[in-house]
């Protein structure tokens, strides 16, 4: 990466400077990260090998779990290592790579959540056309377009980051590299770059959130015409989706749709967005979804039974 500054490395201040609290951070977030990876991998494996989970909703859930695992992995391992290190040094290139990965998988999350809302809308509001509209070829094309869109978004973030000149302090008051904390270190007027950041990441978060909430309001309104059993099942699924949407987008909007000012809760909001949400997503989708729970029981019962026979 071509460097537009005299700074070759940054020092991350992390969540705390207190050695005892740093050990607590390691313990807590190690549990969160392991839970995130294991939970999402369980969903990925279950959907991959369970014939009962072949619908478009679970096809998209597969990629949501994959994106969540990668998103968390782009942040958590570095946070864990730094919590045990006296000096949290990250090179310029590593920092730019983290910015790219953070936005690639974060944007992929957003696209998949939109597709899941579209899937529920078609399934509930246009049930007769559902098999035609949401056929596997269409779903595959949507996922390919999501990866392409996420890649373009991430490239745009990297271009903005590479334009920032760093010639002074290299202390990042954060636990990871992102454009907002980097803007504070740049030795230039960052007003226009921040406007570009808001119009890119901020617009994606805000517009997607509005679209998703409107779509779920329409879906919930249309449930009046369904049977009691159909309403209960659809409401359970939509509640899970709406919960994940709120957990994902509210912190995202808070971080990316405002001027580069610092608030006391910034790091906690970022922790919830980057560590908490990927950890909670598999819990929400499994605990509130009987089909996923039953598929997991059957799949792992078969695996254990076949293993014991050997």
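Cβ coordinates come from backbone N, Cα and C, glycine included.
Curation plays no part in TrEMBL annotations; they are all automatic predictions.
Noted in TrEMBL for the protein shown:
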- 39-285: domain 'G-protein coupled receptors family 1 profile' (DOMAIN)
- 24-45: transmembrane segment (TRANSMEM)
- 57-80: transmembrane segment (TRANSMEM)
- 100-118: transmembrane segment (TRANSMEM)
- 138-162: transmembrane segment (TRANSMEM)
- 201-223: transmembrane segment (TRANSMEM)
- 235-256: transmembrane segment (TRANSMEM)
- 268-287: transmembrane segment (TRANSMEM)
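When Cβ distances are compared across the two stretches, the transmembrane segment (24-45) makes no contact with the transmembrane segment (138-162), since fewer than 3 pairs at least 6 residues apart fall below 8 angstroms.
Sequence-remote contacts of a segment are chain residues at least 6 beyond its ends whose Cβ falls under 8 Å from one of its Cβ atoms, and for the transmembrane segment (235-256) they are 57, 106, 109-110, 113, 116-117, 120, 180, 197-198, 201-202, 205-206, 208-209, 212-213, 216, 219-220, 223, 266, 269-270, 272-273, 276-277, 280-281, 284-285, 288-289.
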